[in-house]
């Protein structure tokens, strides 16, 4: 291997690691930022619906400017009214529900405990996937789901200041995210439309904003009007929204430079970092040995689940490539001008 090739490979590796570090930093930082904004002991902006609505409206405007205004980024074509109404709208509604419920949970439970509860996500995705006919029940998957569930139960048992209202909100967010992922898979499998993160933000953000605006109008707007503008800090909220958009851009960069395995591993690293660092940043976070033991068990189950999914995706890709190889000679022989 020549020196220029080595330098090129080294440069690509450095860029990849830089994107991963950026993703982990922005992802964990955004969680801390949202908690800081919503907390009564910090910024004291106790309007999770309003905050989430602001994020979606901000993303909608920036996506439009970047794709249609300045044309820096490109939106993938192929979207039709039928696909938008039957697929994108449900995805947008579930995304809105996920963010609303997840941010509301921060008013009642600690960041670390919220992350521990999120570990149950594969269980919810799998159960809903089986119900939708996208997953098949097996002994292996049943064992993995049992390990994750047991770990989350142990982590919950070890929580000192547990708020069941916060748990319900967090579980609502988990259900919303699970449904979103199911709708995403249906969009790709049955509709045949693949969207990169920027295109997805472009189509989904306005829909999510509308879904959030209606409940905000009745649930939080009266409270905000009654309390006036004293908790409204435009600079902080703008910076928070900008960080949310930057996080979505970092996902786009990581996906374009790494593999599915890498981003899953980065996600696990980020989750552990959030759990541990939040204990240092927030007074309401009290980690116990039982907390960490339970979360460790759950993460082991999540790792097994990710490994199973990656192997299945790899075998599916090999199968698809084999079918393509078989169909190419038939296509060219029947239509040599194609």
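For all residues, glycine too, the Cβ spot is worked out from N, Cα and C.
Residues or ranges marked as domain 'Sugar phosphate transporter' in TrEMBL: 18-306.
Proximity of distant same-chain residues to the transmembrane segment (14-33), defined by a Cβ-Cβ separation under 8 Å and at least 6 residues beyond the stretch ends, is recorded for 111, 115, 240, 243-244, 246-247, 250-251, 253-254, 257-258, 262-263, 266-267, 269-270, 273-274, 277-278, 281. Residues or ranges marked as transmembrane segment in TrEMBL: 14-33 (among others).
Here TrEMBL flags 45-67 (among others) as transmembrane segment.
Taken from TrEMBL, the feature transmembrane segment covers 79-100 (among others).
Under the heading transmembrane segment, TrEMBL lists 106-134 (among others).
Same-chain neighbours of the transmembrane segment (141-158): 113, 116-117, 119-120, 122-123, 126-127, 135, 167, 288-302, 304-305, 308, counting only residues six or more beyond its ends whose CB sits under 8 Å from a CB of the stretch. What TrEMBL lists as transmembrane segment is 141-158 (among others).
Look at TrEMBL and you will find 164-188 (among others) tagged as transmembrane segment.
Sequence annotations record features per position, and here TrEMBL assigns transmembrane segment to 200-219 (among others). Outside the transmembrane segment (200-219) by six or more residues, the chain places 49-50, 52-53, 56-57, 59-60, 63-64, 67, 75, 79, 84, 88-89, 91-93, 95-97, 99-100, 248 with a CB less than 8 A from a CB of the stretch.
TrEMBL lists 235-255 (among others) with the feature transmembrane segment.
Positions annotated as transmembrane segment by TrEMBL: 262-283 (among others).
Non-local neighbours of the transmembrane segment (289-306) in the same chain are 112-113, 115-116, 119-120, 122, 126, 141, 144-145, 147-148, 150-159, 261, 264, 268, 271-272, 275; each lies 6+ residues outside the stretch with a CB under 8 Å from one of its CB atoms. Summarising the annotation, TrEMBL assigns transmembrane segment to 289-306 (among others).
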Checklist entry - Any residues 6+ beyond the ends of the transmembrane segment (79-100) with a Cβ under 8 Å from its own? => result 48-49, 52, 55-56, 172-173, 175-177, 179-180, 183-184, 186-187, 191, 193, 203-212, 215
Checklist entry - Is the count of Cβ pairs under 8 Å between the transmembrane segment (45-67) and the transmembrane segment (235-255), pairs 6 or more apart in sequence, 3 or more? => result yes
